[in-house]
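Below is one structure, written out as structure tokens; comments come after it.
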Amino acid sequence: MYDVIVVGAGWCGLAAAKTYLQTCPTARLLVVDGDSSIGGTWSKERLYPHLVAEAHYGLFEFSDLPMRREGILPDGRIPSAAVHAYLTEYATKFGLLPRIRLNTWIEDIRQDPTAIGDDKAPYWTLQVAGSSQPLQARKLIIATGLTSEPRMPSFPGREDFEGHVLHSKMMGRADTGKLLNDPSIRHVVVYGGSKSAFDAVYLLLRAGKTVDWVIREGGGGPSIMTPLNILGQPSFRLNNSRVMSLFSPNPFEVAGERSWWQRVMHQRAGTFAQLLVVWFWRVLAYLLQRPWKYDYSVNGKQLKPILGLDSVLWSPATLGVMTHPTLWEDIHSGERVTIRRQNITALGQNKHVVLSNGDRITADMVVCATGWHARHSLFTPDEQLAVGLPSTSSFDPKSQAHWLNLQKAADEEILEEFPLLQNCPIALPPVRCEDDHHLYRFVAPSSGPLAQERLIAYVGFLRTTGAPIVYEAQSLWATAYLTGALHVPALEEREKEVARTNAWIRRRYICGRKVPFALFDFLPYVDMLYRDLGVNSRRKKNAVSE
């Protein structure tokens, strides 16, 4: 019986395990991961040639271990191997390696109320794939994040397709490497418009392949790709500054204690203040998009953000850093890559890929850069609801009515508090309350027996661009929560807060309607976590430095 099991050995899991052990050094703690090496997204089996981190050197590290300069590219880009080496060094420095069990894929997690340990406390049972011996723990930290379960489209005719079909997650596998070097694999279709699609296209072109890049019509469009540098600084540094959150209406400050800026620019925003905020984001969008010259070619036009200069403000698609700017030369030349805004409707014989306009493409391989599942198969659908996760299952009628009422009230409150959010150009679709993450502070279940007994916490379940900064704060909050050292408000207040933050995300970020998202607001979120803990998160000597 373990005191704590951490599921996931990437950035989130390592931060969570280290933080918990520093607080409780005698705890029996185990970290499990299904891969054969640590790193999560940056594990060895998920690395492939030319894969580079979006963050610049110095902006992708934990606060207690600087990243070594060895292996860093001259312009400050961080190759994937350097990220993996850094995480290995981190796990070594803090004594985590002996506590990590790799090649351990968790199939199912259950918390049986009748299962009581020797200390009369309930415990979790984790079923390991290929093993008849389950793992048991008193408490859990789920640190798999939001990019662990690939979303694979279900293509009609897949069984008749003679080519290869794989998710972009598999690009680093040895068998995928063999396909890249196979001269019989000449033509590849890449499906999707995310940052991983840009990376896949670049890799395939460097491997000598011809690419048809198909981006789904009717979705959020291609990712908004930022240049490596903006105004002489790494673009990631700008996004990691408080300047961005100044112009982004967010709910993370204490009600009644908001800064004069938040009150004037967002809460009481008149026409002039709203115009100022909108034009800040439009100027930024112009600076981000100008280097790519979208209108220069037919291909380039297919990659234009769907909301133009308003795309950064409302984020219909995720933001990415163009880690390989020379890809634009290939895009504009159109010699070996063709970009299409269509849906793939079917696969078929003779290696045919059928598009929604009736066109047929012959392809030896299809790479699906189609993102990740928001639901987590570690738990059954009913258990997903109990632990605060989205689910295809439904609440009982009473709970459903309760959450729908909270949802409606929270949406009205957010729109009244932040008038700018009433102007989102894409209407909010109907929302099931079961599709939300019901996690207080995006870390702990908001309600139910599990919340009362503090048996489970999450790290990495809010998508941001400030990964290490956020994971450290979440890990400390989760540790304090699980050990009973953190005061949390009463049930009613927690549930209102969860409904409120979910409503804000849906209104603030169009792409946040799929997963929890705080692109430009993660520093106020981190401030909030540390405020809960009684820690001052503003430690620089003046407001300008902050």
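Using N, Cα and C of the backbone, Cβ positions are placed for all residues, glycine too.
Swiss-Prot annotations:
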type: SIGNAL; residues: 1-17; note: signal peptide
type: BINDING; residues: Ile106; note: FAD binding site
type: CARBOHYD; residues: Asn239; note: N-linked glycosylation site
type: CARBOHYD; residues: Asn343; note: N-linked glycosylation site
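Features recorded in Swiss-Prot, as mapped to the structure shown.
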| residue | record | Cβ neighbours (10 Å) |
| --- | --- | --- |
| Ile106 | FAD binding site | 21 |
| Asn239 | N-linked glycosylation site | 23 |
| Asn343 | N-linked glycosylation site | 17 |
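Between Asn239 (N-linked glycosylation site) and Asn343 (N-linked glycosylation site), the C-alpha separation comes to 32 Å. According to its DSSP assignment, Ile106 (FAD binding site) is in a strand. Distance from the CA of Asn343 (N-linked glycosylation site) to the CA of Ile106 (FAD binding site) is 34 Å.
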